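Visitor: Pasting in a structure now, in structure tokens, and then I'll have a few things to ask.
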Amino acid sequence: MAPLPHSVSPRHTQVADNGRLSEPTDYHPPTEISTDDGTVNILQLTDLHLYFDTPKATHEQDINKDSAHQTITGICQNNSAKRGNPHSADAINHSVTPVIHNYASFEACLTQALSEDVRCDLIVVTGDLVSEIHPQLYQHLYQRLHQSGIPFACIAGNHDVTDEIGKDLPFEQRSFEPHEPDSRLLSRYSMKLNGWEILFINSSVPGQIFGRIGNKNLYWLSQKLANSHHPVIIAMHHHLLPMHSAWIDAHITQDATEFWQTVAPFNALKAVVGGHVHQSSTRSYQGVQLYSTPSTGYQFKPGCDDFTLDDEAKPGYRWLSLKANGTLQSWVVRLEDNAG
């Protein structure tokens with residue numbers, strides 16, 4: 001077997017008692033990745049929104065849920081429900097032919113990305129892994145990422161800590177049940193990437209759609225930046241600057257001002273990458289590059305004050321290439337027409 005092009009995490013070398021590669025029931029992300037050429041390439045995937053399928057969906061990926069035969073896919077969007085409240089009964093309709101199958105779309109994005117002529121050294125999933133909280137959904141996803149043979153790290157989004165109860169009811173009559181995030185989702189976790197450092201922060205709030213970093217995370221962040229001798233990139237879910245869409249900006253990071261005050265004294269922070277907004281953007285603020293990334297499923301139309309799906313934007317993912325000289329290159333790739 002040919003040697004891997006980069007150092008691998010303990011997750012890759014962990015062997016069970018029977019001599020077989022152990023499945024990541026409690027996977028251990030790496031604390032450090034090094035490459036011979038000094039470049040670390042990160043594949044960012046976000047907003048997968050996996051959930052247990054309904055009989056109407058056509059993608060069939062079998063797993064067990066409470067000993068019942070189930071399938072995994074994603075949210076099914078109705079063409080007639082592309083405007084209005086994203087949580088309305090019309091906007092999420094399981095009785096129509098699905099337009100987007102989120103599991104199939106995620107799988108197509110992952111397969112396409114790993115077939116590109118780009119060496120992938122780390123996969124980062126920035127939240128909203130699921131749309132309904134079940135351990136089996138996470139386990140299925142972790143096993144799929146594990147099968148890639150590439151180190152991976154996942155953080156929580158709002159859907160990973162909040163279950164929406166009464167989806168058949170009007171939005172204002174529904175309740176939001178808080179949950180603790182899956183134990184394998186990272187928070188206040190750092191990883192050395194050659195001459196870079198990536199910090200993983202949980203911005204999700206159980207029972208809420210908006211984000212909040214919180215005092216503990218901000219203090220941890222200030223300590224990491226104060227003691228870092230490397231350029232730093234942060235991975236989190238919620239956006240830190242308005243997207244100029246009223247409906248999504250109602251669910252921004254609530255303590256974004258405190259975040260910017262916390263990082264202002266430090267020059268180490270170079271970039272923040274996240275999801276939540278289901279669209280691609282690149283901006284700069286206080287000398288920091290901010291990247292939002294398309295969902296691997298459905299997209300939101302930019303610049304709309306009311307919830308609007310983007311008919312023309314395809315699912316996608318982001319590459320981040322961290323160079324040994326402290327520079328960063330990043331680009332978005334969309335799913336090809338013949339993929340998935």
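Each Cβ is built from the backbone N, Cα and C atoms, and glycine gets one as well.
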Visitor: Starting from the Fe cation 2 binding annotation in Swiss-Prot that includes N158, H237, H276, which of D128, D182, D305, D306 is the extra site residue?
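Guide: Record source Swiss-Prot; matching candidate: D128.
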Visitor: Starting from the AMP binding annotation in Swiss-Prot that includes D128, N158, H159, H278, which of H49, H229 is the extra site residue?
Guide: H49
Visitor: Would you say which of the binding-site residues H159, H237, H276, H278 has the most Cβ atoms within 10 Å of its own Cβ?
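Guide: Counting every other Cβ within 10 Å of each candidate, the maximum falls on H276.
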Visitor: So which of the binding-site residues is most packed in, judged by how many other Cβ atoms lie within 10 Å of its Cβ, out of D47, D128?
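Guide: Result for the most crowded candidate: D47.
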Visitor: By the count of other Cβ atoms within 10 Å, pick out the sparsest of the binding-site residues H49, N158.
Guide: N158
Visitor: In terms of DSSP three-state secondary structure, what is the assignment for D47 (Fe cation 1 binding site)?
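Guide: Going by the DSSP assignment, D47 (Fe cation 1 binding site) belongs to neither helix nor strand, so it counts as coil.
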Visitor: Applying the rule Cβ within 8 Å of the centroid of the Cβ atoms of H49, D128, N158, H159, H278, what extra residues of the same chain belong around the AMP site?
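Guide: The answer, listed by sequence position, is D47, L48, G127, S131, G157, D160, G275, H276, S295.
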Visitor: To the nearest whole angstrom, what is the C-alpha distance linking D47 (Fe cation 1 binding site) and H237 (Fe cation 2 binding site)?
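Guide: For D47 (Fe cation 1 binding site) versus H237 (Fe cation 2 binding site), the Cα atoms are 9 Å apart.
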